[in-house]
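S.K.: As annotated in TrEMBL:
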SIGNAL    1-19  signal peptide
BINDING   316, 320, 331  Zn(2+) binding site
ACT_SITE  317  active site
């Protein structure tokens, strides 16, 4: 499978890890099977293979109800670009509605249309697979205590391109949005002024400045503080370290000006991506970042270890943009305990590891 090859190559970066307390990851608790139920419709069956109840958080997993990256889609060995959203969710005070509870050996099904988040108009034969990590809590609890890894079967689908092209994209641009985005790119305007009021513009500009400073400090720490780097990225391999430093430097540059850069930044949402608990989201296919209303409820810059704020949310989202650093980061895990449980190959490609590392350097965690 293509993902396995990529992770195997990245796995060469892994160095012996220092032992830090973290939430355990279980590779046998959850089974995911994919089947085709239409031209571009896929049904995932998620089964609890363990002997106790699992309370599974749906954010950024195969069960997410938002147009997030649930599967990888390949054609002729090349991955089909993902056109959906990469959100950062508010992780404090989680409630039951964001979880799915499964008894031992029980299953739940979740269906989704891959044409809403991929351009499949070429048609032909595609290979679809899913791989990820599900944060889990104890029964009757919403406190994350563990993570269940999953890797699905490979699903081969013969897709009618004309029928696939008729499926509406989840994150579609209206003509007005296309015009605004085009003008922003022509002027290389980082913040789209028409999406902001006075307060949100000020907050966004402040967050960009703080993101730049945090990324710069984190870049310096990555080269100077081996123990802290090991804690957050699970390795001290020189190549991995250079990749992290380069990405942080790119984020710092991208954050440093509100009037230039490679991404377009919106203070408010016009595409419907600001679903419950979404702080901000990125469309990596367009190098576009959008702040959601609850983003502005966060503190500009927290002094609390591993807490979310506006600055690290902006930093997190920039790592999702290919124009900032390629390959762009994914959302393999959220929160300190889950992120430091990732293997090095995934930690260096996980957006929240960068946000948490930058916060840790600033706060001196």
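Please read every residue number as a count from 1 along the shown chain.
Placed from the backbone N, Cα and C atoms, the Cβ positions cover glycine too.
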S.K.: Around residue 331 (Zn(2+) binding site), how many other CB atoms lie within 10 A of its CB?
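M.R.: Here the count is 23.
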S.K.: I need the CA-to-CA distance for residue 317 (active site) versus residue 331 (Zn(2+) binding site), whole Å please.
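M.R.: Given the Cα positions, residue 317 (active site) is 10 Å from residue 331 (Zn(2+) binding site).
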S.K.: With every protein chain in view, what's the tally of Cβ atoms within 10 Å of the Cβ of residue 316 (Zn(2+) binding site), excluding that atom itself?
M.R.: 30
S.K.: For the Zn(2+) site (316, 320, 331), what does the 8 A shell look like? I mean other same-chain residues with CB within 8 A of the CB centroid.
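M.R.: Neighbours found: 86, 87, 88, 282, 317, 319, 329, 330, 351, 352.
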S.K.: Sequence gap of 6 or more, C-beta under 8 Å: which same-chain residues meet both conditions with respect to residue 320 (Zn(2+) binding site)?
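M.R.: Counting only residues 6 or more apart in sequence, the Cβ neighbours of residue 320 (Zn(2+) binding site) under 8 Å are 86, 282, 284, 328, 329, 331, 351.
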S.K.: Count the Cβ atoms, other than its own, that fall within 10 Å of the Cβ of residue 317 (active site), considering every protein chain shown.
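M.R.: Result for residue 317 (active site): 30 other Cβ atoms within 10 Å.
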S.K.: Provide the three-state secondary structure of residue 331 (Zn(2+) binding site) computed with DSSP.
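M.R.: Its secondary structure by DSSP: coil.
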